[in-house]
Amino acid sequence: MPHFMGLGQVLRGDRLVNSLYTMKFRETVNRTVVCDKTLTAMELMSFKAAIDANYMFELFVGDLPIDRPFGVKSTGVDEASERYFLVNYLDFIVGYNDQDLVSANVTRDLNLEHLVDITEWKPGMTIQFSYSVHWASLPHISPSQALELQVKSTMPHGHQNMDIHWLAIINSFVLMLLILSLFLLIIIRVVRSDLSRYLQIPDEELNAVEEETGWKLLHADVFRPPKHRLFFCSAVGAGAQLFSMVVMIVLVGCVGAFYQRGAVASAAVVSYMVTAAIGGYASASLYQKLGGEKWAWNIFVTALMFVGPGFKIWAFLNTVAIFYGSTAAFPFPTILLMFAMWACVTFPLTVLGGIVGRHRAMKQGQGETPFPCKTNKLAREIPACRWYQSPATQMFATGFLPFSAIYIELHYIFNSVWGPRIYSLYGILLLAFAMLLLVAGTVTVLFTYFHLNAEDHRWWWRSFASGFAVALFFYAYCFYFFLQTGMTGFMQCAFFFMYSLLVAHGLALMLGAVSFYATYMFVVYIYSRIKAE
């Protein structure tokens, strides 16, 4: 029966073909020879290289995936005693419930019956490939949960791994509590300073408070539009779109919908398309509030902020895949489909969201400034800052602290993306993601307060740059993970580092938007509580 591939499977590089293993429902097949293969010396070397590289093969019985090692290698005291064994016999055990397939497995206990020694090549060397099929009635497994149980049965998530997961969550939770406690102390201090005008406080103490809260002196500059506001607003809009996309993917994953190969990639494409209106709305609304006039260019740049770099990276890697003859190269119909989805869905939704956001911002800002304080024509001089108020200190703190909340979970995600396993712990991922957002937002607000207190009103780009700081730590972790994988060759290295760079770019936009909005709400809140003369 033909097996139709989804969009996500094609994007992953899967190209399914029918195998030579013939199965008929509930018909037992004793060990049967499929074919006899005469190996050349070059083919034998290819088999041995595949075993050294830990190659896996994947089969689908119906919609149920099976993956097993390509072969095994026995190590000895020296290189001469190493033996290579190729899997040449598959013993299928298929479970059924009434008329439905609910389980499919291949014997995991490999012994000499399932293996053939391919250590040394001999002229006329022939390998016999065979298989057998046995059926088992499994009435306790319903067809609706068959795929989920099949996928989970292949995952090495034992008690020890779960303990590591929960230790990481607890560690991140404690870190978040410490940061939030510091944040609350600062808020209390700010509120007390704001209320000091109206409380019966002696003049000397009031003057002391005023000297400590230098951020009040910036009421005429704090909402001054940043440089390159068109690109700033476009980046914020693209980040808001990516944030909405990730939230949708994680929430859908929590209900157990991603047990098929490529399901996450398919969901990412669809959710990115439908959230384009959010990106256009956020970008155009902010651009209008900042007094921007090139709103059409703003919407166009928003639509290309993530897709543009993504297209360049894909074009390069697709060319590399074509040169190497890899199935990772997209088929031409898939390329046309992806372009049509962007041109006919994503871009129009971005324009629609941008038009709505612009008109709504215009309506809200009629006759009054959209911010609590008016801005002077001349910018205030910025004094020299202390070391803990410097951009370098902020970049390190706003990058390291949020990254420490997720770095352990990244190990499991990378193993899933670059390995054979399907990631399924979306509940833990949701907690880690929530803590990442909270820590990133609170730390950015904290450093923004430091900058404002030092009479530095350039907070727009600095708050957004916090996302880039986390992305730098993420990309540095990619190098660490790469050293653990044993990847070799130009194609593997190019795919790993280039696609990781694209993910880092998306992470920078997403966390930059989250950090900016957290800071924006904080700044609007504190300046709306003072009476600026």
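These residue numbers are counts, starting from 1, taken along the chain as shown.
Just so it is clear, glycine is given a Cβ too, placed from its N, Cα and C backbone atoms.
Feature annotation from TrEMBL assigns transmembrane segment to 164-188 (among others). Under 8 Å from some Cβ of the transmembrane segment (164-188) lie the Cβ atoms of residues 401, 404-406, 408-409, 412, 425, 428, 431-432, 435, 438-439, 442-443, 445-446, 449, all in the same chain and six or more residues away from its ends.
Within its own chain, the transmembrane segment (230-258) is flanked in space by residues 148, 264, 267-268, 271-272, 275-276, 278-284, 286-287, 290, 292, 294, 297-298, 301-302, 305-306, 422-424, 426-427, 429-430, 433, 460-461, 464, 467, 506, 509-514, 516-517, which lie at least six positions past its ends and keep a Cβ under 8 Å from the stretch. The feature transmembrane segment is assigned by TrEMBL to 230-258 (among others).
As annotated by TrEMBL, transmembrane segment applies to 264-283 (among others).
Positions annotated as transmembrane segment by TrEMBL: 295-315 (among others).
Feature annotation from TrEMBL assigns transmembrane segment to 335-356 (among others). Long-range Cβ contacts of the transmembrane segment (335-356) within its own chain (Cβ-Cβ under 8 Å, at least 6 residues beyond either end) map to 7, 269, 272-274, 276-284, 295, 298-299, 302-303, 307.
What TrEMBL lists as transmembrane segment is 396-414 (among others). A Cβ distance under 8 Å defines the sequence-distant neighbours of the transmembrane segment (396-414), meaning residues of its chain 6+ beyond its ends; these are 164-165, 167-168, 171-172, 175-176, 179, 423, 425, 428-429, 432-433, 435-436, 439-440, 443-444, 447, 465-466, 469-474, 477, 481, 511, 515.
According to TrEMBL, the transmembrane segment annotation covers 426-452 (among others).
For 464-483 (among others), the entry in TrEMBL reads transmembrane segment.
Counting only same-chain residues 6+ beyond the ends of the transmembrane segment (495-527), those with a CB under 8 A from a CB of the stretch are 190, 194, 215, 219, 222-223, 235-240, 242-243, 246, 282, 305-306, 309-310, 313, 316-317, 320, 328, 371-373, 398, 402, 418, 436-437, 440-442, 444-445, 448-449, 452, 459-460, 463-468, 470-472, 474-475, 478, 482, 485, 487. Marked as transmembrane segment by TrEMBL: 495-527 (among others).
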Listed stretch, out of 264-283, 295-315, 426-452, that has the most CB pairs under 8 angstroms to the transmembrane segment (464-483):
426-452
